[in-house]
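**Q** Sharing a structure below in structure tokens format, with a few things to ask.
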2 protein chains.
Amino acid sequence: MEWIEITADWDAESLRKVTARSETEQNDVEATVAAILADVKANGDAAVLAYNKKFDGCNCKDLRISEAEIEAALQEVGPEMVAILKEAADNIRVYHEEQIMKSWLKEFRPGVRLGTHITPIRRVGLYVPGGRAAYPSTVLMDAVPAKVAGVPSLVMISPPNKDGRINPYILAAAHVAGVDEMYRVGGAQGIAALAYGTETIRPVYKIVGPGNMYVATAKKQVFGTVGIDMIAGPSEVGVIADSSANPTWVAADLLAQAEHDPMAAVYLATPDKALAEQVVAEVERQMTGAPREEIMRSSVERWMRVFVTPDIETAVAVMNGIAPEHLELALDNPEIWLPKVENAGAIFMGHYTPEPVGDYFAGPNHTLPTSGTAAFSSPLGVYDYSKRSSILSYDKQALTAIAHKVEALAKAEGLYGHAASVAVRHSEEVTNEN
Amino acid sequence: MEWIEITADWDAESLRKVTARSETEQNDVEATVAAILADVKANGDAAVLAYNKKFDGCNCKDLRISEAEIEAALQEVGPEMVAILKEAADNIRVYHEEQIMKSWLKEFRPGVRLGTHITPIRRVGLYVPGGRAAYPSTVLMDAVPAKVAGVPSLVMISPPNKDGRINPYILAAAHVAGVDEMYRVGGAQGIAALAYGTETIRPVYKIVGPGNMYVATAKKQVFGTVGIDMIAGPSEVGVIADSSANPTWVAADLLAQAEHDPMAAVYLATPDKALAEQVVAEVERQMTGAPREEIMRSSVERWMRVFVTPDIETAVAVMNGIAPEHLELALDNPEIWLPKVENAGAIFMGHYTPEPVGDYFAGPNHTLPTSGTAAFSSPLGVYDYSKRSSILSYDKQALTAIAHKVEALAKAEGLYGHAASVAVRHSEEVTNEN
């Protein structure tokens with residue numbers, strides 16, 4: 001934990017370094033991943049099955065998850081949990097429907113119609129981690145917006161355990177969200193199967209979802225062949241608190257973030273130093289004996305920062321410099337500070353909106369830009385599963401009217417063929433020199 | 001050039017290989033770029049000036065381009081060209097204003113307000129290539145949407161010539177588009193300066209713009225530290241033609257694309273084999289003696305594909321499989337085929353909308369997804385310079401109503417701290433076991 005006193009002459013840009021938590025050399029990972037990608041590209045299913053055995057200890061033959069397995073998973077998690085998953089999926093769906101883009105075409109100038117043609121990506125792959133980090137909520141958050149966008153073919157992959165099984169909560173969430181195909185394969189080999197295709201798994205056009213270092217590196221390496229979502233780094237929360245905040249609640253919210261990962265970072269900015277001291281004491285009290293105490297303590301010790309600021313405005317500016325994934329405004333009047341927020345993945349308003357509400361239930365996406373990337377990127381959404389194509393339409397008169405200007409610009413750029421393609425339409429003679 | 005007869009049992013996905021024009025090993029480039037990035041990160045301006053000398057032969061001391069230089073550039077290109085640039089910028093501005101996203105907040109359920117908070121990226125860097133590929137139109141296309149998004153600080157960099165000068169058309173276009181700062185530096189060293197900052201150049205949050213292999217590799221390597229736009233590959237056009245098409249015009253349009261780059265690809269799909277033969281003859285006739293004949297011929301010989309299809313519908317399906325950057329519908333009734341188009345960067349409707357109109361003047365962006373990436377990505381736009389933050393707001397009653405469901409999901413994921421941050425708000429006692 002570190003206390004940072006913000007004074008009048010502070011430098012907002014220095015905060016960009018606060019969020020940089022990992023810039024390790026990973027040349028070994030790069031090479032290992034490249035070899036796995038090449039193997040799967042060349043050898044398809046055979047390579048995938050061999051890696052399933054090697055990395056996951058799974059001696060399975062069928063990559064595809066059957067209807068019977070999905071049915072068994074629904075039984076196992078029980079009807080009450082399925083109902084909660086459905087309600088969460090509905091909330092996510094309703095919120096994301098606000099993001100649907102519509103095609104349009106309109107006349108901007110006489111004879112000049114311009115517009116946008118919106119289409120879904122044809123086939124998308126979702127990566128879902130296995131083991132400790134198996135989060136059914138992430139399946140909903142990644143899959144529901146794809147279906148809202150109209151993606152006709154949505155594929156999920158996840159690493160199997162030794163018996164070839166996938167966490168039943170994951171399968172139940174995928175079923176509820178409308179995933180079309182599910183396969184048992186994880187790691188770089190799973191990313192390769194999605195990007196290049198195998199005998200069993202047809203290739204996709206985009207891959208989304210979190211994963212470990214091998215998965216993230218594989219996604220980076222196949223980027224270009226397919227689209228990818230952001231590369232998720234460790235998670236973080238920032239809380240801006242005034243004297244109206246309850247230190248017990250603020251501490252609980254900081255720890256909810258800290259329990260994710262020893263690399264998770266938690267930031268508090270407040271003008272009320274006494275409050276800050278109470279929060280710090282509460283953090284210590286609440287994490288002692290908590291089920292995930294070890295992870296929490298590691299995160300808090302290394303990555304908790306307490307900023308004591310001259311005023312709320314400066315606290316907001318500090319968080320804008322950090323660009324946290326989650327930003328809680330534990331303030332009496334969060335609305336008046338909202339317009340000042342520049343950089344945050346998601347903003348939680350007031351004392352009764354703890355961050356976990358957004359993880360599961362509210363509706364907005366929990367796949368958010370991490371590690372300061374909220375300064376230049378946005379939550380996952382329908383946009384990520386849709387494409388825009390520009391539409392241009394000139395009639396003869398409209399083209400003739402601007403022909404000489406297009407030709408002048410083309411020639412300024414030395415592109416005579418560009419000029420010719422316009423000129424040819426208003427002269428019978430094609431002149432190459434034109 | 002290759003003729004491809006499309007028969008009834010064709011495989012649309014096989015076309016993904018048609019567009020893959022370059023998957024070369026570039027380990028040398030990776031290592032060279034990594035060394036340059038590290039040098040600039042460590043040594044700032046001194047490293048940048050040394051690379052300017054080494055790579056561009058420029059012994060300059062001032063990196064920043066002065067007001068006097070910009071004024072001189074405007075004089076040099078002349079008032080007529082400045083007026084054309086302004087008109088093009090206006091057209092680009094008016095089209096992109098349709099893309100402005102607005103913040104919103106609404107009540108979805110009693111006591112539950114959700115929304116989206118829209119903000120511009122605070123500082124953005126534009127890379128503009130020098131030399132042969134110095135395109136003022138690209139400056140307009142990259143800069144105007146940034147200003148429409150409200151980016152307050154927009155920086156342009158471009159490699160200098162031996163005398164330290166930048167192409168005056170580039171400077172004039174940047175001035176017209178409202179670029180705030182301009183610097184003479186290119187290559188990987190320029191990308192490093194934008195990503196990490198130097199004594200003279202403050203760092204940015206996102207870098208956009210095309211460049212050579214070193215620039216593209218540097219952008220990939222700094223991705224994460226900053227945002228980047230797409231990595232542009234070689235350009236392409238696809239033309240779908242029916243018997244109403246003029247073979248002379250279609251050939252001119254194919255050559256306008258071919259003259260860009262020996263790697264540029266041109267595709268024709270038509271059910272009219274006689275028309276296809278006329279187009280091929282016209283391509284040969286028009287490129288013979290053309291100013292950029294050598295580039296055109298290289299592109300046409302290696303990367304021109306003519307698809308003869310059973311009908312227009314199949315021709316559209318072929319282009320959906322290719323996902324061309326530019327798609328011309330050289331058809332009598334392009335409107336009726338538009339809904340069938342799935343994958344294209346920009347769609348040019350009818351016989352009087354040659355692709356070069358979109359390069360310069362119409363208004364939609366000419367920075368488009370290349371090499372098949374239109375299957376999963378979109379033209380550059382205001383979206384690329386804006387960020388969305390989700391907004392969540394629960395009141396006490398709304399939180400209490402869903403508390404048990406959030407706690408159930410949190411516990412299903414093994415995240416007891418998440419459950420506690422909700423529980424603590426409806427009990428006075430904090431229990432770690434809860």
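The backbone N, Cα and C atoms fix where each Cβ goes, and this holds for glycine too.
Remember, TrEMBL labels are computer predictions, not curated facts.
Keep in mind the model is a prediction, meaning the values are calculated, not measured.
Okay, so TrEMBL annotates it like this:
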type	residues	note
BINDING	A:Tyr127, A:Gln189, A:Asn212	NAD(+) binding site
BINDING	A:Ser235, A:Gln257, A:His260, A:His326, A:Asp359, A:Glu413, A:His418	substrate binding site
BINDING	A:Gln257, A:His260, A:Asp359, A:His418	Zn(2+) binding site
ACT_SITE	A:Glu325	active site, proton acceptor
ACT_SITE	A:His326	active site, proton acceptor
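Can you tell me where each of these features sits in this structure?
**A** Its own atom aside, the Cβ of A:Tyr127 (NAD(+) binding site) has 28 Cβ atoms within 10 angstroms in the protein chains shown.
DSSP assigns A:Glu413 (substrate binding site) to coil in the three-state reduction, placing it in neither a helix nor a strand. The C-beta environment of A:Glu413 (substrate binding site), restricted to residues of the same chain at least 6 apart in sequence and closer than 8 Å, is empty.
Within the same chain, residues at least 6 positions away in sequence whose Cβ sits under 8 Å from that of A:Asp359 (substrate binding site) are A:Ser137, A:His366.
Around A:Glu325 (active site, proton acceptor), a 10 Å sphere centred on its CB holds 30 further CB atoms from the protein chains shown. A:Glu325 (active site, proton acceptor) falls outside any helix or strand according to DSSP and counts as coil.
Close to A:His326 (substrate binding site) in the fold, though at least 6 residues off in sequence, lie A:Ser235, A:Glu236, A:Val237, A:Gly238, A:Gln257, A:Ala344, A:Gly345, A:Ala346, A:Phe348, A:Glu355, A:Gly358, A:Leu368, each with a CB less than 8 Å from its CB.
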**Q** Filter the recorded positions A:Tyr127, A:Gln189, A:Asn212, A:Ser235, A:Glu325, A:His326 down to the ones with a Cβ under 8 Å from chain B's Cβ atoms, keeping sequence order.
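**A** Contact set vs B: none.
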**Q** What same-chain residues, at least 6 away in sequence, bring their CB to under 8 Å of the CB of A:His260 (substrate binding site)?
**A** A:Pro234, A:Ser235, A:Ile295, A:Ser299
**Q** C-alpha of A:Tyr127 (NAD(+) binding site) to C-alpha of A:Glu325 (active site, proton acceptor): distance in Å?
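**A** It is 21 Å, counting Cα to Cα.
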**Q** Taking DSSP as the reference, which of helix, strand or coil describes A:Tyr127 (NAD(+) binding site)?
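**A** In the DSSP reduction, A:Tyr127 (NAD(+) binding site) maps to strand.
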**Q** Comparing the binding-site residues A:Asn212, A:Ser235, A:Gln257, which residue's C-beta has the most other C-beta atoms within 10 angstroms in this structure?
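**A** For the binding-site residues A:Asn212, A:Ser235, A:Gln257, the Cβ with the most other Cβ atoms within 10 Å is A:Gln257.
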**Q** Neighbourhood of the NAD(+) site (A:Tyr127, A:Gln189, A:Asn212): other residues with Cβ within 8 Å of the Cβ centroid, in order?
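**A** Here the non-site neighbours turn out to be A:Pro129, A:Ile157, A:Pro159, A:Gly186, A:Gly187, A:Ala188, A:Gly190, A:Ile191, A:Gly211, A:Tyr214, A:Val215, A:Ala218.
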